[in-house]
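Have a look at the structure below, then the notes.
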Amino acid sequence: MKPLILVLNGPNLNMLGTREPAQYGHETLADLAQGCADTAHAHGLEIEFRQTNHEGELIDWIHAARGRCAGIVINPGAWTHTSVAIRDALVASELPVIEVHLSNVHKREPFRHLSFVSSIAVGVICGLGSHGYRMALSHFAELLQERAA
């Protein structure tokens, strides 16, 4: 059985391709999901790719990942800067987490510079567009190979 990585996307990411394309690009969420699926397949991983605009739903998905998934790639969107609950759920999952952002949050408004997730993540990738998700999945493949050796 292939290791399962949960790829989570927070609020407004369903609007990719039409929302602020200068900031987030022209790729849609479906394009992003397909790129992640292709990368996962190439590395012998499976993914569950999800997006929600409801914080409690995201937390439920994180809770359900414990003991079932090998890791979590998460773009919490605006919740990055506001949600202690998501941070606590990620800690409770006891899974390695990679935080991803399409835009370089450090080149944007000061309130976007704070992340409640970064301090508990094994890595943070921002500003590389959808390539950041693929990099995160590639890293998980390497991490899992190292653990298996």
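Note that the numbers count up from 1, one per residue, in the order the chain is shown.
Cβ atoms are placed via backbone N, Cα and C, with glycine included.
Swiss-Prot lists ARG19 with the feature site 'Transition state stabilizer'. Taking a C-beta cut-off of under 8 angstroms and a sequence separation of 6 or more, ARG19 (site 'Transition state stabilizer') has the following same-chain neighbours: ASN12.
If you look up Swiss-Prot, you'll see TYR24 marked as active site, proton acceptor, on the strength of similarity to another entry. In three-state terms derived from DSSP, TYR24 (active site, proton acceptor) belongs to a helical segment.
Here Swiss-Prot flags ASN75, HIS81, ASP88, LEU102, SER103, ARG112 as substrate binding site, drawing on similarity to another entry. With a cut-off of 8 Å between CB atoms and residues at least 6 apart in sequence, the same chain places LEU8, ASN9, GLY10, LEU13, GLU99, VAL100, HIS101, LEU102, TYR133 near ASN75 (substrate binding site), listed in sequence order.
Under DSSP, HIS101 (active site, proton donor) is assigned to a strand (E or B) in the three-state scheme. Per Swiss-Prot, active site, proton donor is recorded for HIS101, and the stated evidence type is similarity to another entry.
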Please report the number of other Cβ atoms within 10 Å of the Cβ of HIS101 (active site, proton donor).
-> 23
Cβ contacts of ASP88 (substrate binding site) (under 8 Å, same chain, 6 or more positions away) = none
Hey, what's the widest CA-to-CA gap across ASN75, HIS81, ASP88, LEU102, SER103, ARG112, the substrate contacts in the record, in Å?
-> 24
Have a look around TYR24 (active site, proton acceptor) and count the other CB atoms within 10 A of its CB, chains all included.
-> 19
